[in-house]
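Novice: After the structure tokens below, expect a handful of questions from me.
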Amino acid sequence: MEEIGTPTGDSHCESEEETPRYGENVTKTLIEEARLRRKLQFFFMNPIQKWHAKRRFPFKFVVQLVKIILVTLQLCLYASSSYNHVNYTWDNKITFSHLFLKNWDATREVNSYPPAAGPLAIYKEQDFFQTLDYAYDGYVRVGEAIGSYSYANEDNTATDMVLCLYQYKQGTIFGFNESYVFNSEIVERCLNISRYENGVMLNSRHFLLENNINVSFSALVRGNLMFSLKTVNFKAASRITAPNCYRFDIAITFNNEDHDGQLLLDLNAEAFRLKCDITYITDDEISSLLCSLLNYTVTITCIISLVLCCRTVCRAQHLKWITMKFFDEKFGRPLSSEDKNKFLNYWYITIIINDILIIIGSSIKEQIERREFTSDQWSICSMFLGVGNMLVWFGILRYLGFFKTYNIVILTLQRAAPKIARFMLCALIMYGGFTFCGWLILGPYHIKFRTLSTTSECLFSLINGDDMFATFSIMSNKSQLLWWFSRIYLYSFICLYIYVILNLCISLITDTYETIKLYYRDGFPESELDKFTGFINCEEMSSGMFRRTESNDSLSLICLVKNWCCFPKLQKTYRTLSRNSFSPNSAPHSNEAT
């Protein structure tokens, strides 16, 4: 505040008109400072204190509680549906592999590490044509399968299988004299394979030659054999839900991009949900109505939460601008960056993010339940709803932070985060060096270092003590030099990250925790903003000063007289706030001149 000096001896000679104007300016300054201090005190209160101060219904708190319940219920229902869908499509993919892939083995159905079997591949030209014939025969005899599969046409007649071959325009190799003829342009040729009647088997070699297609395996890049089947899933049926109808677009891929003598085989089945012609005792309108009602309720709740939080963040930034202006004009110094950051509540930012994610996820979920969909849409919807629900539950920590015991944990993580971030940056730089080095040197000789991602995953597992002996023992003995290098490399990495870096990271968190405990005992350090805001006790909080409506004319002399005459308790509070006001230059406060 501006320093108010003692009037000189000639002051009594001044005109009577100037005296009230002088006192009015001083009083305005007092009221402005008190109002700003009251706003800041209310801004930094938690919801419980704000309830005592203004007796205002905690809309944001109630909305967050309702949102947690609704979002969790929505996630549980969707998780069950998602699991059933993904599991159903995966099981059908396994079934199609047995029906349409020659030499498919059940050991390939179990994901194990290291893999129990090598990749499914073709090594002879005759095997390629036999694989086409086997897939065609399985497609013709699909009625013999245990699964209730039908053809894609409405009259249950088989659609044509489509074979697409991608070959170099020219690709001939003469290995005996180290020569070749090569043109890198890729030519696509597609051919419909119609169903043969009377159970006649397909002879793919002759069929391709009849259609002027010569398969040159030295020039073949890849091939796709595509067809579709329909089926109905009875497992999803219940007392209020009907079975689901699907169309599977099946594609058998022949991959020869490496030209290493292996023609890799793979089968992919993409599921599309279709609208069924239901002959069912219980219609599924009840299920659809309840799911849509839940989706819309969650969306509306998140929109309300989003609006309330955005409004709070905007008002906080407006208050920050007013406070910065006040400090510049009255104290001649700007707010520190630490004080400016206090006006941005990161809990509200987290709530805004999870509201946006849940709104998008609920919209995708509603589309999935109403229209055709693919597996990718299920995955995308799961990502939005899963991350959004995780952030919603993280938001509970904000309310636990109102209690001292839980707030220690939150403050420790908050204060340790910058130090840990700087420390982890240095650790990640070294980690990147180890990752690239291991990938380059050990990749051709070690299964865990074949790719950059598996190398990083292997090193991260070693930090946590996972599968250490296997990592050492799997190393190939083809090169003694690289075998010894792998030992030095692994020993140095494990010692550095487990015995040094992890312990240093733990010590940073421990030191911050001890510092927070001392703050709770001796008091937290106060910034300039904290000193200006001051401390307000429970009696002043419940006095009604925060429930008083402030109009635009609150700085007028009439309003001033009304306040000071009609509200003795408020007058006492203003004097207390003025006496405890903060002045950077330790100048006498204005209440002395007043």
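Each residue, glycine too, has its Cβ placed from N, Cα and C.
Keep in mind that this is a model prediction, so the values were computed, not measured.
What TrEMBL lists as compositional bias 'Basic and acidic residues' is 11-21. If you look up TrEMBL, you'll see 86-276 marked as domain 'Mucolipin extracytosolic'. Summarising the annotation, TrEMBL assigns domain 'Polycystin cation channel PKD1/PKD2' to 382-516. Per TrEMBL, the feature region 'Disordered' maps to 1-24. If you look up TrEMBL, you'll see 293-314, 343-365, 377-400, 420-442, 488-509 marked as transmembrane segment.
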Novice: Report, as numbers and ranges, every residue of the chain located at least six residues beyond the transmembrane segment (420-442) whose Cβ falls under 8 Å of a Cβ in that stretch; write 'none' if there are none.
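Specialist: Residues 449, 451-452, 455-456, 458-459, 475, 482, 485-486, 489, 493, 496-497, 501, 504-505, 508-509.
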Novice: Can you count helix, strand and coil residues in the domain 'Polycystin cation channel PKD1/PKD2' (382-516) using DSSP?
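Specialist: The breakdown for the domain 'Polycystin cation channel PKD1/PKD2' (382-516) reads 115 helix, 0 strand, 20 coil.
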Novice: Who are the chain neighbours of the transmembrane segment (377-400) in space, where the CB to CB distance is under 8 Å and they lie at least 6 residues beyond its ends?
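Specialist: Answer is 47, 61, 64, 67-68, 71-72, 74-75, 78, 82, 85-86, 347, 350-351, 353-358, 360-362, 364-365, 367-368, 406-407, 410.
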Novice: Restricting to the same chain and to residues at least six past its boundaries, which positions have a Cβ under 8 Å from a Cβ of the transmembrane segment (488-509)?
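Specialist: Counting only partners 6 or more residues beyond its ends, the transmembrane segment (488-509) has Cβ contacts under 8 Å with 412, 416, 419-420, 423-424, 427, 430-431, 434, 437-438, 441-442, 459, 462-463, 465, 468, 471-472.
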